[in-house]
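S.K.: From TrEMBL, for reference:
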- 1-33: region 'Disordered' (REGION)
- Leu112, Thr113, Phe140, Pro141, Ser142, Asp143, Asp222, His225, Tyr247, Trp278, Asn306: pyridoxal 5'-phosphate binding site (BINDING)
- Lys248: N6-(pyridoxal phosphate)lysine (MOD_RES)
Amino acid sequence: MSAAAAAAESESESRAQSLDAADPGHRELFDIPPVDGGPYPDVAYFAGNSLGLRPKATRTELLEDLDSWAALGVEGHLDAARPWLPYHELLTGPASRLVGALPSETVVMNSLTVNLHLLMVSFYRPTPERFRIVIEDSAFPSDSYAVRSQARFHGFDPDDAVVRLRPREGEDCLRTADVVERLGSDVALVLLGGVNYLTGELMDIPAITVAGHAAGAVVGWDLAHAAGNVPLALHDWDVDFAAWCSYKYLNSGPGALAGAFVHERHLGDPSLQRFEGWWSTDAASRFEMAAVSRPPASVDAWQVSNPPIFSMSPVRTSLELFDKVGIGTLRERSIRLTAYLERLLAGVTPGRPLQVITPADPARRGAQLSLRIGGARTAGELAKVLRFEFGVIADAREPDVLRLAPVPLYSTYHDCWRAAQALAETVPENA
Ligand SMILES: Cc1ncc(COP(=O)(O)O)c(C=O)c1O
């Protein structure tokens, strides 16, 4: 076989199918959206970094929880098959294992940006000399708005207080050394995305955390694109606080409840400010209806309201699945799958206005490859063609970034082949 024929064979559809047979993942546990028409029954889904797919068990288990309500009314607090009063505790163990934390450091509550605000109440305590917040220039807008509003709340000009880190000229991703260099005595808080939503860059969380602490700053992480995507060791890395959502890699449904982490070092510290409600008090005293709270020495003290059980149910189902499969095993398949997609794209991008901007080093990325696209179509227009003509669901960030996330739980090598094939067919080669 000639080298060209061997290369073509290695990129053939049958090769993708045999890789799936050898390295199958857990697709059978998920509902994969069907596609109308065309040769394949299901979509090739690459938007799990935006909204993960539904585990089949989610529907069954959510219905069980709903039926407890129908059968028991208020008595479900104690008598439901999964009693509502301690329901949130069912999520603590698997959530803490997923992010490398102690159970006392981990809680599932609220939404991501709400958690960032509650945590900043405690951990952004600016002074006239040390008041700056360091974020990425390409931070997700919610983070940018959140930190700007926090600076304003404390009486600072957000344009002055918020430092936006930009990649070097001609580069798409941040270099760790450049981040570290900016962490000076004016920085009160470093709040970066563990995996950048746009480029898919996995930051060096331990190194930046160490550097932030050496500079005298508090270091928090937005793990929206990291939780369920890459292994984390928040406790060992000495991260001060973190928050993440559960609707992306954690497959818990649109707007699903978020997670929060506070390092053990800070738990029970009476000097920390917190906003409180009746769920901030220790569980044993909650129904004493006392006027003054008795917060526990755990991150549960950051809870405010009683948890929404039917929103917790899908998060519990999903976390139990992660617990069973193991993030380490998933990461191994993720590295193989993403490398395969990368190899296929390398056969398509030369000569076309397509450029992968995610780091090539597997240690600096998770399950996402972002493509900068040129040519006449915007990313949104290209995503529409991929969806309606090829059944490939990608995520567009206008004007020019297309994000493809092969998710190790349910994506296939054949999905990757379909995506590369669709791009080759629809993006014209440069004249
Ligand atoms: C990195 C990041 N931060 C924050 C958010 C906003 O999260 P929420 O609307 O759940 O607060 C998102 C949403 O996609 C995100 O990707």
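A Cβ is built for glycine as well, from the same backbone N, Cα and C atoms used for every other residue.
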S.K.: Please list, in sequence order, the residues in the chain of Leu112 (pyridoxal 5'-phosphate binding site) that are at least six apart in sequence and whose C-beta is under 8 Å away from its C-beta.
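M.R.: Long-range Cβ contacts: Ser142, Asp222, Ala224, Ala243, Trp244, Cys245, Ala258.
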S.K.: In angstrom units, rounded to an integer, how far apart are the Cα atoms of Phe140 (pyridoxal 5'-phosphate binding site) and Lys248 (N6-(pyridoxal phosphate)lysine)?
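M.R.: Spelling it out, the Cα of Phe140 (pyridoxal 5'-phosphate binding site) and the Cα of Lys248 (N6-(pyridoxal phosphate)lysine) are 14 Å apart.
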S.K.: With the Cβ under 6 Å from ligand 1 as the test, give me the qualifying entries from the recorded positions Tyr247, Lys248, Asn306.
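M.R.: Passing the 6 Å Cβ check against ligand 1: none.
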S.K.: Taking DSSP as the reference, which of helix, strand or coil describes Asp222 (pyridoxal 5'-phosphate binding site)?
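M.R.: Note: Asp222 (pyridoxal 5'-phosphate binding site) is in a strand by DSSP.
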S.K.: If I restrict to non-local contacts, at least six residues apart, and a C-beta distance under 8 angstroms, what lies near Tyr247 (pyridoxal 5'-phosphate binding site) in its own chain?
M.R.: Leu51, Gly52, Gly253, Pro254, Gly255, Ala256
S.K.: Between the residue listed as 'N6-(pyridoxal phosphate)lysine' and Asn306 (pyridoxal 5'-phosphate binding site), what is the CA-CA distance rounded to a whole number of Å?
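M.R.: On Cα coordinates alone, these residues lie 24 Å apart.
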S.K.: Does DSSP put Ser142 (pyridoxal 5'-phosphate binding site) in a helix, in a strand, or in coil?
M.R.: helix
S.K.: In sequence order, which residues at least six apart in the same chain have a CB under 8 Å from the CB of Asn306 (pyridoxal 5'-phosphate binding site)?
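M.R.: Asn306 (pyridoxal 5'-phosphate binding site) has long-range Cβ partners Trp278, Trp279.
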S.K.: What three-state secondary structure does DSSP assign to Leu112 (pyridoxal 5'-phosphate binding site)?
M.R.: helix
S.K.: Over all pairs in Leu112, Thr113, Phe140, Pro141, Ser142, Asp143, Asp222, His225, Tyr247, Trp278, Asn306, the listed pyridoxal 5'-phosphate binding residues, work out the largest Cα-Cα distance in Å.
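M.R.: Between the most distant Cα atoms of the pyridoxal 5'-phosphate site, 31 Å.
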